[in-house]
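A.B. asks: Dumping what TrEMBL says about this protein:
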DOMAIN    209-283  domain 'Ig-like'
REGION    340-363  region 'Disordered'
SIGNAL    1-24  signal peptide
TRANSMEM  313-337  transmembrane segment
Ligand SMILES: *[C@@H]1O[C@H](CO)[C@@H](O)[C@H](O)[C@H]1NC(C)=O
Ligand SMILES: *[C@@H]1O[C@H](CO)[C@@H](O)[C@H](O)[C@H]1NC(C)=O
């Protein structure tokens, strides 16, 4: 949802409809709790916090300490010396509550043993431009949605019959509902603004990528590859005679690099293009909030390959290819990790008490 809006904004920006030169206008603060039972070598409780999808908070049941994951998060103690102690206490309480939540989940599903996971994802979004805010608070159990708060109606949605008891219990606790609403639309937003301010120089930066043309074999599509950009709101496409083309074009996903930057590539199948027409094509990279595009003309001379051994470029080219392969492997690894994480998102049950627990975290 947030990603969609982000892309829409970016699209509008690229059309010149909006865009005041600012980078990301939509900010988010998200917390993920994962409680598990029966998973060897994995902490039974982990809590992570992200600002604009950058992890800045970590707690787990092995370390039993809430800790910053970004240098700029250390600034929070200048204004609030007790911050990390308080977060640690809140997390320890949440750990206890979530242990109970697992038991509740097992009862609801008539399970006795085995591996079980309760997840919670909650947080808020704030549009810097319009002031619009949104919040979410959703649980999962064993990788399936269990219960979610609907901020508009102020009620819980139970997609599975096992969560109906929880829904009734929580819907009837009007005081808790009011507190949840207040947290999601006020307190959470206040914290988000504070965090964005602390991390401004890092979160609001724009880094342009290096863009190159790559080709595996003489008959392969030409890949326009950009790596090292930030943030991930970017567009890349091929043009013919200055017009964006869609035919014979294959868009890859935006993938994270391990240094926090991103990469992407867009392939162009040239099998039906005559060599003299190649010069009519170019590849364009656009980063949201950055006026100047990066444009590379399709030219055999600038394509990096690893089959032509025509000159003393062989060694550097091979080295570059190795680096690219490594980046690719890293990206694939990260993607698999991301997918895995995304597959078993928030899914915990109830117990009433965890509501207050989860609402305290960053307050
Ligand atoms: C669990 O067991 C109870 C009692 O035997 C039964 O009524 C209920 O339908 C079962 N629930 C599930 C999810 O299997
Ligand atoms: C490129 O296009 C040709 C002809 O349109 C097709 O036969 C070929 O499979 C395509 N190659 C790739 C890698 O998609």
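Cβ atoms are placed via backbone N, Cα and C, with glycine included.
Looking at the shown structure, can you explain where the listed features end up?
C.D. replies: DSSP labels the residues of the domain 'Ig-like' (209-283) in these numbers: 6 helix, 39 strand, 30 coil.
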A.B. asks: Average the per-residue pLDDT over the domain 'Ig-like' (209-283) and send me the rounded value.
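C.D. replies: Mean pLDDT for the domain 'Ig-like' (209-283): 95.
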